[in-house]
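Annotated domain 'NADH:quinone oxidoreductase/Mrp antiporter transmembrane' per TrEMBL: 23-287, in sequence order. The domain 'NADH dehydrogenase subunit 2 C-terminal' annotation in TrEMBL covers 289-343. What TrEMBL records for 59-80, 92-114, 151-170, 177-196, 202-221, 233-253, 273-293, 323-346 is transmembrane segment.
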């Protein structure tokens, strides 16, 4: 794939998301999401490996079903209420269908089955786009829908946290682990969306920051399997020492940045009288923390590599720019004290 074609596809990704952000009409928002989908599929198959082609096909079918359901829901809403305006939806049935279609777009449980299989077969760079940028437009539309009842969002959020924690057990592919991590973090965002949208934005920004740091670190280490982390100390020792802190921040342990959204969301749920739901979410997040700690156990060299000294990987200079990973990793580890300022900015 030439640089011109690749640049055009990346610009189309940005154009589709910006088009959805700028739309109050359902048809224009739907077109923006479709531009996003159609621009990502060629990037998936730029290395024509059979597994990449299979992943692109699965992604296409899943997104097609979700797009058809979303279009049907918006036509139904127009027929029943006479409006295409997103914030003016009032009929509960088209609302529920739109939420389910958008949940399938981002990979919320129980409509998540395509996401781990697709991410496992992708290059880390494309998996990063799928885990971060592709979530923005559907989440924005879910934020704009004026729900009359929050039960569907609470159910999807709690199911996603549980499934994201259970699904990561016994996984050895790093991209699959990150897919289930994405499902669990999306669950936290959706769980609080109908109660406190600013906390959803805080959780989204934190997830984007930490996921970007982790993906960029894995690109520098050229790691796709959990066993390859045991030899990462021979490639970039400094990054190997920092990687456990990124994983613990993703798991939400203090005093790291990832602790802030989970702490604030839990407090908000308790204040709203949803103590049982907050307890289930916290206990389910411990499942996610288990496989983060398993990666931590591997990267801190407590598991010795099984290769001979003469077969260790050579320590080449990184092929990627290291400035962006350095900035994102620093923010991933140290932004917790700035949480009140960030939250005040989001609620302003």
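We number each residue from 1, going along the chain as drawn.
Note that Cβ sites are derived from N, Cα and C of the backbone, with glycine treated the same way.
Note that TrEMBL annotation is computational and uncurated.
In this chain, the transmembrane segment (59-80) does not touch the transmembrane segment (177-196); fewer than three CB pairs sit within less than 8 A of each other, excluding pairs fewer than 6 residues apart.
Nonlocal intrachain contacts for the transmembrane segment (59-80), taken as residues 6+ away from its ends with a CB within less than 8 angstroms of a stretch CB, comprise 26-27, 30, 33-34, 37, 40-41, 44, 89, 91, 93-95, 97-98, 100-102, 104-105, 111, 114, 118. Non-local neighbours of the transmembrane segment (92-114) in the same chain are 33, 58-59, 61-63, 65-67, 69-70, 72-74, 76-77, 80-81, 134-135, 138-139, 141-142, 145, 147-149, 152-153, 156-157, 159-160, 162-164, 179, 182-183, 186-187, 190; each lies 6+ residues outside the stretch with a CB under 8 Å from one of its CB atoms. Here the transmembrane segment (151-170) does not touch the transmembrane segment (323-346). Their Cβ atoms form fewer than 3 pairs under 8 Å, with each pair 6 or more residues apart. The average pLDDT for the domain 'NADH dehydrogenase subunit 2 C-terminal' (289-343) in the predicted structure is 71.
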